[in-house]
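What follows is a short report on a single structure.
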Amino acid sequence: MSPTIYTIILSSLATGTIITMTSFHWLMAWIGLELNTLAIIPIISTLHHPRSTEAATKYFLTQAAASAMILFSSMINAWNMGTWDITQMSYAPSNILLSLALALKLGLAPAHFWLPEVLQGSTLSTAFIIATWQKLAPMSLIYMTMNNLPSMILLMLGLTSSAIGGWSGLNQTQTRKIMAYSSIAHLGWMAMIASIMSNIMIMNLVVYLMMTTALFTSLICSKSKTIKDTAATWTTSPTLAIIMMLTLLSLGGLPPLTGFLPKWLILEELIMQNLAPMATAMAMSALLSLFFYLRLTYITTLTLPPNTLQMKFKW
């Protein structure tokens, strides 16, 4: 793809997200989401490979369906309440529909099936964009409609996402699929706290974006597409391997590291709201995620792959 076209597409991607984040009218928010979707389709399908074409098609269909559901829910709300204002979604059926549409848009379980497939079909850098930047617009819509979204639905979406993100990530060998399930689990934590304390949700989102960026950058630098590839990271750069280990442990949410902070605050807040069983279930599901992060850490830094003395170090 020529640099000019690539620049235009990336700026369209940024513009779409910014339009959605700054709009107060549902139609403008929808336009931003559509622009966002249309801009990333050519980025996914640049490889000209059946897998990437399939990923682009899956992404387009799910995102178009979710955007249509968002537009439909806002239309029902406007029909009944006479306002197109995003912050005044007060009609219950349209709120339920909106929360389901946003779940599909973000890839929250049980509407998560497209995310691992799309990430697996695209390159590491494209997967990085989908796992980070593409979450901003729907999350900003959740933030703006927070007071009206049905909290029970959000809690259930959060719990199922966290559990499924943990369970499904256990038997993966592809780093992109592991990152997809990691993304689903993290979004589950955000959905869980969304209806209770929105500022913790924003903090969780920022921490998630930082850690995912760090990990994807490490994977892109070491060209690690499978777990087996990460075992050879230390031959490229021992420092990179150590940074990767710390990032993985932080994503898992181990106490001294940054990733533990949002989990701790969320669990504390859930207990304050008398949702102790929910907090327990979330903590248990975090252990599942931690297991596959630990496995990746172990392979990356604590084991040496079979090598001969003649092996040349890349560094």
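One is the number of the first residue shown, and numbering goes on along the chain from there.
Each residue, glycine too, has its Cβ placed from N, Cα and C.
What TrEMBL says about a protein is an automatic prediction, not a curated fact.
Taken from TrEMBL, the feature domain 'NADH:quinone oxidoreductase/Mrp antiporter transmembrane' covers 25-288. Residues or ranges marked as transmembrane segment by TrEMBL: 59-76, 96-115, 152-171, 178-196, 202-221, 233-255, 275-294. Residues or ranges marked as domain 'NADH dehydrogenase subunit 2 C-terminal' in TrEMBL: 290-315.
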Feature contact check the transmembrane segment (275-294) with the transmembrane segment (152-171), CB under 8 Å, 3 or more pairs: yes
Tertiary contacts of the transmembrane segment (178-196) (same chain, 6+ residues out, Cβ under 8 Å): 103, 106-109, 112, 115-116, 118-120, 127, 131, 135, 139, 142-143, 146, 149, 151, 154-155, 157-166, 168-169, 172, 204-205, 208, 212, 215-216, 219, 227, 251, 262-263, 266, 269-270, 273, 278, 282, 285-286, 289, 292-293, 296
Cβ-Cβ under 8 Å with the transmembrane segment (96-115): same-chain residues at least 6 beyond its ends: 33, 58-59, 62-63, 65-67, 69-70, 72-74, 76, 89, 130, 135, 138-139, 141-142, 145, 149-150, 153-154, 157-158, 160-161, 163-165, 180, 183-184, 187-188, 191
Intrachain neighbours beyond the transmembrane segment (275-294), with Cβ under 8 angstroms and 6 or more residues off its ends: 155, 158-159, 162-163, 165-167, 169-170, 172, 178, 181-182, 185, 188-189, 192, 248-249, 251-254, 263, 266-267
Arithmetic mean of per-residue pLDDT over the domain 'NADH dehydrogenase subunit 2 C-terminal' (290-315): 69
